[in-house]
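Encoded as structure tokens, the structure appears first; notes follow it.
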Amino acid sequence: AWVHGDPRKVIYPTDSYGQFCGQKDTANENKTILFYFNILKCASPVVLINLQCPTTQLCVSKCPDRFATYIDVQASYRYKPDQWNYFRQFCKPGFNNPRKSVAQVLRDEDCPSMIIPSRPFLKRCFPDFSTKNGVLTVANQTTFRDGRGKTRNVTDLREAANGINNVLDARSVGVKIFEDYAISWYWILIGLFIAMIVSLLFLVLLRFTAGVLFWIFIFGVIGIIGYGIWHCYWEYDHLKGIPGSDLTVYDIGFQTDFRVYLQLRQTWLAFMILLCIVEVIIILMLIFLRNRIRIAIALLKEGSRAIGYIMSTLFYPIVTFILIAICISYWAVTAVFLATSGEPVYKVMANQTLCKYANLTCDPESFNTTNVTKLCPGAQCTFAFYGGESLYHKYIFIFQLANAFVFLWLVNFAIALGQCTLAGAFASYYWASRKPADIPLWPLFSSFGRAIRYHTGSLAFGALILAIVQLIRVILEYLDHKLKGTQNSFTRFLLCCLKCCFWCLEKFLKFINRNAYIMIAIYGKNFCTSAKEAFFLLMRNVVRVAVLDKVTDFLLFLGKILVAGGVGVLAFFFFTQRIPIFAQEAPMLNYYWVPLLTVIIGSYLVAHGFFSVYAMCVDTLFLCFCEDLERNDGSTAKPYFMSASLHRILGKKELSPKKA
């Protein structure tokens, strides 16, 4: 890619001769805009941008600003030379022969038959469309002459105009959004800083509030379901004696208006029974899983305490972000070089529809020596697109897949490195006999050094397995997109099943990899051994895993919503000038939702970055806790490393020395 690619093919428009517009040290250095001889031949803006419009394209320094036809300019060039000098800048370079017949000029496409007021967009001249009293116009005119003896209506350009106007409207909105960012960026940074502070406070306070938040939520759910049961019973009793309420669902059959079913006692009875079953299940789970829930909450509190001792771990996601940004940049640049590594392909462009050579490839250097121009008068060999027929060009798609695979592998490796580093730091906290006295100095940096020095191969192997599955998912999505128009039900069903299976496989592998990296950080064994030991350790504690996972997910989700929602509400009142103290400080915006959405999304991502560290901490402490229970018995010879709160939850029976 780096040898054959040329990003200038993306940066600069290309004229009919394969030359770049605006490229330095060339004849087109000051001609930065692409001009189309007959834009009516172009079907849509997409065609223009892809350089597939079947008309001559030239590089010009500026777009036309008036209506003019070649016939009128040629007829008046003797007494109005200024008009001719203006018009010929849109003709082929070097053409200055107004005496040449109009038919020959148009046949050879030396000059356009007409020029239309245009403005540059995406470095291309597009008609200057506008609406006047709901009517589409160009320079306040609804008709124009096409230079071939016909008066055309501006609506002839409607297909191109609709798409272009939408894009131009988007550009106008884009400019306003950029202005909003320019005057509110420091307030956005202040909002994100507040989100960071709130996230830190939430994590620190979790050691005191984790249990309270969880039990408030649980009892809230029980109360809501209890109210639902009472309401269903009230509706059931209220409908007693009302004509028609004793009918069954089977009697009335299927009804599109579902409110009909709410008039039946049977419906409310079914709802009441269902809610009673859910209520009983929740209460039984709380009764039988109470100790495991207490362990999960204790581990959450312990995680908050561990982060309090190793605060540097909260900022490690910045390292992961930088590594992933480097991976994305490398992939994107390489993909652009691959996409632009084609050679210029020229094709015959003929004015005659019956020309048998039309759209065939040609060589511009030898084109005039062939008999094509004799058989098809006015035919030209013009640039069409970038491509090639060599072995290299045939496999560019395969190279793009390989580039995508390397990208997935590197990203997964960066994530794995972060997980292993954090796991090593938090494991050093758990296995310290006296906390925090026995925690190593600089635990995060020490863990990072160990991961780089000893575990690179294991992390790369785990990332490789995940990248292979993700690449298969990408290929399946590509095939699904290509086959979307087919009517083969079996093919669609098979693709759907495969996509579902590989989605589940990816989720499973992420779970296994995450825990394997924790075991690697603890014991330093290879990936396969660590994955096997982590899997069986989790299976021996499967109920604890499920309870801890759900409790953690709930509290972290609650924290993300709290941070993003709280900062978002504050930003809303600020940017809408509803806080009297800061009303004068709030910037005047085109769209107040631009910085507002940025603050909300940014706050959520900031909270996610901090809480991902917390989730890794809890998972690491949980595996260490399970290992601690299996390796030690609480005796003097094999003391537990767990905290005092976990001691109390487990009880004295499990802590007594084992008898011989």
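Glycine is treated like the rest: Cβ placed from N, Cα and C.
Bear in mind that the values here come from a model prediction, so they are computed numbers and not experimental data.
The transmembrane segment annotation in TrEMBL covers 185-205 (among others). For the transmembrane segment (185-205), same-chain residues at least 6 beyond its ends with a Cβ under 8 Å from one of its own Cβ atoms are 304, 307-308, 314, 559, 562-564, 566-567, 570-571, 574-575, 586-587, 595, 598-599, 602-603, 606-607, 610-611, 614.
The list of residues near the transmembrane segment (212-230) in space but at least 6 beyond its ends in sequence, with Cβ under 8 angstroms from a Cβ of it, reads 271-272, 275-276, 278-279, 282-283, 286, 293, 297, 551, 554-555, 558. As annotated by TrEMBL, transmembrane segment applies to 212-230 (among others).
Residues 218, 221-222, 225-226, 228-229, 232-233, 235-236, 239, 262, 543, 547 of the same chain lie 6+ residues outside the transmembrane segment (268-289) yet bring a C-beta within less than 8 angstroms of a C-beta in it. Taken from TrEMBL, the feature transmembrane segment applies to 268-289 (among others).
Residues or ranges marked as transmembrane segment in TrEMBL: 309-333 (among others).
Counting same-chain residues at least six beyond the ends of the transmembrane segment (406-431), those with a Cβ under 8 angstroms from any Cβ of the stretch are 303, 306, 309-310, 313, 316-317, 319-320, 323-324, 327-328, 330-331, 439-440, 443-444, 446-448, 450-452, 455, 459-460, 462-464, 466-467, 470-471, 474, 513-514, 517-518, 520-522, 613, 616-617, 619-621, 624-625, 628, 641-642. Residues annotated as transmembrane segment in TrEMBL: 406-431 (among others).
TrEMBL lists 452-476 (among others) with the feature transmembrane segment. Under 8 Å from some Cβ of the transmembrane segment (452-476) lie the Cβ atoms of residues 401, 404-405, 408-410, 412-413, 415-417, 420, 495, 498-499, 502-503, 505-506, 509-510, 513, 516-517, 520-521, 524, 526-527, 530-531, all in the same chain and six or more residues away from its ends.
The transmembrane segment annotation in TrEMBL covers 554-575 (among others).
What TrEMBL records for 596-616 (among others) is transmembrane segment. Sequence-distant contacts of the transmembrane segment (596-616) (same chain, six or more residues past either end, CB-CB distance under 8 Å): 181, 188, 191-192, 194-196, 198-200, 202-203, 206, 303-304, 307, 313-314, 316-318, 321, 419, 422-423, 426, 514, 552, 556, 559-560, 563-564, 567-568, 571-572, 575.
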